[in-house]
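The next block holds one structure in the form of structure tokens; read it before the comments.
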């Protein structure tokens, strides 16, 4: 078991470093003093957080318990993650929706107020600039959260297009919520524990829904969503109230919800079959290839109108040449860039994320294979350190999702 834990930790560290490679290039040999810190930094350290550089921030990869134990506890009880390194922003104005729909694949206009969806920012070639959760607060207010490692390029991309849009008379402005912190509360105890701290009835708030409400006496943005496959919430809280809120959530759970780091967060999202940008999606990967065609609304498929629409809509019609799929495998856990071969030893793709599943107690991975080799049950070989191991294509998520739906 100790060997399995070591392999798990090593594979997670590699995946996070791979996803962070563009940031690493910018901060080579950066000292701890160069890294940004969330308002909970001292709280993490006091509670045994092992701090590591990630996307220009000093973030906890784990606490006193192992990554394996943290992962299992999230699914059995709950986890509290500090994800304040991620970037929340609001777009406002009467032309906000037509502006944003030029940049993302979602049917933003079709969202009911107070609801959201996963979406993808695309480039002119149909590739993914970043994935994001987009929420329609009202018809003239959109709330977005983008990945920490993509913050600079995402904001530059949005700003460039916003200047052009406004120069033609478009009414849109933005605000970056650097005055707020972001906490992710995940797991079966998330809702009952959070309910202690708000008067709003959370039993009537479903997956993907958004509210502005008071939590623990602070004005918060609350979204019923997450990155683990479990029921849960992301809470945008004024930074001056973040520490008190974190302490209150842990206290109300009577120790069952634990502070959890990036290591377990990565294991959880892999078990849930969710993409890590920089590993499982990059600028050359389209949403169709990544298995996110469902995020392209019916109207958007008919009308297009977003960057790279011609490429993406053609792939929907004709089928992509490669597809993201899941795998179970024998031998050592697969690693990013491990070669995937067919039964004849021919290259058919590569692994993008892989590791040992703490909950399933076996190897899981995802990667891209040539179309025709993507069906569940297809036997493959996965090459690790020059040696081939048996693998089989399997459906994702690996662990069933438990989103709270009506």
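Here the Cβ of each residue, glycine as well, is placed from N, Cα and C on the backbone.
The substrate binding site annotation in TrEMBL covers 234. The C-beta environment of residue 234 (substrate binding site), restricted to residues of the same chain at least 6 apart in sequence and closer than 8 Å, consists of 83, 133, 145, 182, 183, 184, 185, 222, 223, 225, 226.
According to TrEMBL, the domain 'GCVT N-terminal' annotation covers 40-298.
What TrEMBL records for 323-399 is domain 'Aminomethyltransferase C-terminal'.
Look at the domain 'Aminomethyltransferase C-terminal' (323-399): DSSP puts its residues at 0 helix, 44 strand, 33 coil.
Summarised as a single figure, the pLDDT of the domain 'GCVT N-terminal' (40-298) averages 98.
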